[in-house]
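Chemist: Quick one: the structure is below, questions incoming.
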Amino acid sequence: MASQDSDEALPANYKDYPDGSLLRVVFHNFLTYEHTSFLPTASLNMILGHNGSGKSSIICGICLACGGSPKSLGRSERIVEYIRHGCTEGYVEIAIADKQKGPQVVRLTIRVGEQPKYRLNDSATTQSEIADLRKHYNIQIDNPCAFLAQDKVKSFSEQSSIELLRNTEKAASADLDQQHIDLMKQREDSTSIEDKCTTSENAIKRLEDEIGKIMPLVENYRKKLALQSKLRLLEKKMKIMEFEKFDREYKAELQNMDGAMIEYREVEKSIAECEKHRKNLEDRIKKDRSQISQMQRSCNEILAKVQEKGDKKLMEDMMQRAKAKLESAKKAADQHEKDVEKARKMIDQARARLQEAVDTLNGYEEFQSEMKSLEQKYSTAERDSRQEEDAIQKKSYEMRQLENKKRDEEQNSQLNRQDRYRVLQNFSSDASKAYRWYQQNRSQFKGDVYMPIMDMVLKTPEAAKALENSVGVRDRTMFVCCYKEDELLINGKQHSWRINTSVVPAEKIYSEDIDAQLPSELSRLGFKYLVSNCFDAPAPLKQFLCNVSGLNRIPFGGSDVEKKIAEVSQAIEQTRYSVFLTANIRCQNSKSRYANNTLQSQSATREANTWRDQFFKVSPVAKRTDNSILEEIQKLKAEIDIRSEQLREKRGAIQKERDVLRQEQMQWKSKKQVHTKWKTELASEMAKLEALENEVVDISAIEEEYANVEKKAILETKKMLENSIRWHKEIIDKHRLIGIFELSESICKSRVNKSNSEAETHRSKLEDLKSVKDAAEDLLKTALNHKKAAASALMKECSLKTLDESKMSPAENKIYSSLVKMFEEADVPTDMNTLDQAITSEKTRLKLAEDSGEDGSIVHEQRLKVLDDDLVLEKTRQEKLIENRARIHDKLGDEINNWRKEVETMIEQINVNYVQFFDSLGCRGEVSLEVPENPLDIEKYGIMIMVCFRKGESMKRLDNKVQSGGERSVATMLYLLALQQLCPVPFRCIDEINQGMDPTNERKVFDIMVGMWNGTTGTLSKTQYFLLSPKLLHGLDMRENVNIVMVNSTLTNSHGKHYDTSAKIDATFAKMGISA
């Protein structure tokens, strides 16, 4: 490199340089340069120098002076590190050609501890202003197609097709690159719409999936609601029919009671009338007796007077009395005959009625006997029912006890798991997160997943310490799976946690490991058990611990072992066991690798830390045997339901039989009452007849007496006629009255007897009616209680106080009308038996629905409504998004098509040059636009380079895994050359692109480059080129426009003065066969 005397020097023909070309480059304390100046030519500048001479420093200085970033150089990203070693300040200065304004001088000054400073034409400026200046001249230092630093050559050849397209656009057309950027922004907007559409589709799918999952629960819930609604409707109808039934029964019993009361009152009235009539007759008898006594006294007085006056009156009186007596006897005899005849007729009538009643009582005794046996049977059945109720209550108590026990065990198990989980959280947050996720997604796993901390149950007091000194810390949170699929599921790449997992399949579980017992010889030495015996765990987990920690081969001993530790160690050495534990010591025997002897190590046991809590001694899961509690509870519940239903049906059947029996009893009782009535009537009439028959009226004796009296009276009358004629009439009258009174008294007495007999008959009848009335009252009370219970049930079920519409309130009328309409619409049975069967059937269907396992609720119903509403809203939103997406895609597709046409035109021009260059090498190559599957994915468009360096082979895509480094360098260089005609940049820099090329290809590429720059047309004839290389081939076609710059590194300034650069170059060119 020639050194200039002045940093202000410019090339002699600098005015001919195209705008943006570099006229001068000055380095001061920059990288390898202390101070130097470099004047490039306007065409090809080949900068040659051995490795480490400072060739790449020129590229770095040009890039930084043009406002570039250190990141684009592939070296240090700290700009202060570009200062020469040992210095605190340095600068780079470049002069840019400009025919109108003159050379534009840009200086970048770098100082340690300060920000870099830029100056333009000796005036302070900013990096952004320098970037604007760079854009003005179209200097593309950030485009590897125009500016390819040494450390970026490899990355350029390895860049993707997408990156190659972007860089090609930057080099060929800023407008095309900006259009690509704008399209990518539009694509991001459309992608956002597509993401929203995808999100909406996923949301719709999620909503539909959730609706699909919840629909069976809602349908089952609706089915149960329908069944419950129908069951309630049937039960309402049953309550109404029961109320109507009991109301009818009550009215019938009330009518029977009224009939019994009427008959009872009539009999009471008859008795009162009889008593009143008897009293009146007795008063009449008393009155008649008083009159008779008075008349008799009067007659006696007259008789006394007659006697005093003469015997005639006495005779007359005697005749009169005899005559009256005769007449009275005749009348009484006539009446007696009539009464006897009447009594006989009444007796015949009573006998006929009694016989009819007797006939109706056929079977009464059998009924009574059957009734007694049935009552005994019903009593026995009721006693059995009460015993069954007691048994059911006992079973219910047992079931509640089991439920309480199960609930307590579940609570204890839950608390145990929570305590263990807290220990796990303190141990490892990732393991706790993974375990919680496993618990929440357990249904996705093929088998169970176990963990020592969560699933081990300690059995002995020393178990915690034994495990602390036997199980590794890493293994304590190990997830032990039964299937490989479960391990991939819990420890897949989709999770953020880092956990330890292992798989122990069922076929790898060996009972001789997990069930190993302490050998008798070790027991004699004082060992208590193997460590694997001090805890319980699921078989896969226990097998895992036996595999990794050898717990089935570690015996645990007490203080006896510690006392004779040497003897025990010697005995252990003879067995297959190498490790044993005591409460305070851990011993291990191992074979020496260098001598055939046993090495023994002892260490103090660590205190229990992980398993020190008491809850590790309790199983976190209910015992297997206790799992039967749920089955027993379900069994007891089913048995209670069945036995309760059977008891209800049994009692219902007995009650129905009792109701039928009571109705039959009432019929028989009515018949019995009729029989009793006529039996009493017959007895009364027969008593009357007997009394009448006992009353004998002897008329003949009275007639004879009368004749004697008459004879005597005639005889005496003749003697006393004159003396007694005056009083005779008076006496006769009085005796007539006396006879009347006596006859009246006799008749009254007879009537009193009759009245007494009738009263007794009525009293007997009243007693019978009283029992009937009492029975009717009991039945009425029973019917009333049934009616009240039915009314209460009616009010509770139907909100109705009565079924009489005239007595209903408007609200009740509305309810009743609604119920009637619902009954008609639901075709509810009107027969109680049919209705009862329907209720039983609906209860069975409801029970089946409740036991189906798909138990829904109002929460699911509400959730379904929310999901349906969300689904409608989401579908509406999706339709709008799809419309927007279609509109945006149409617009974007048109703009992409327009951009694509320009890009394809550009690539076709590149391809023409690229094919031509490869033909000159005797190889094949082509460039094409790589179009993504979705033409709208503008960010996925790229440039695909296909090459073939050997005959007979097909072209393959340029790739760092297929072609060699030299082949990639050739393909990359030719692509850059093919791109030059489309890239109007003022200068280009390529650093060591020929590294890895074979000499033949390197020579051909160089010839192509020289041929292109020797032309007089096209952009290359006006482009400045910097090509850096550590070597130069012999026999290259060097033209006049090729500027060779040699870079040498010197140790001191004086050494440089003695270095004859021109002579060195001439000698080198002569050796290479190049004319200078």
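From the backbone N, Cα and C atoms, a Cβ is placed for every residue, glycine too.
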Chemist: May I ask you to indicate which of 749-786, 825-862 is given in Swiss-Prot as coiled coil?
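Modeler: Feature coiled coil in Swiss-Prot: residues 749-786.
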Chemist: For the region 'Flexible hinge' (416-617), report the average pLDDT of the model, please.
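Modeler: Mean pLDDT, the region 'Flexible hinge' (416-617): 87.
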Chemist: In three-state terms from DSSP, label G52 (ATP binding site) for me.
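Modeler: Where G52 (ATP binding site) sits, the three-state DSSP reduction gives coil.
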Chemist: If you count the other Cβ atoms within 10 Å of each Cβ, which of the binding-site residues H50, K55 comes out on top?
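Modeler: Checking each of H50, K55, the winner is K55.
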Chemist: For a quick check of packing: other C-beta atoms within 10 Å of the C-beta of S53 (ATP binding site), how many?
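Modeler: Within a 10 Å radius of the Cβ of S53 (ATP binding site) lie 18 other Cβ atoms.
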Chemist: Summarise the compositional bias 'Basic and acidic residues' (375-410) as counts of helix, strand and coil residues per DSSP.
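Modeler: So the counts come to 36 helix, 0 strand, 0 coil.
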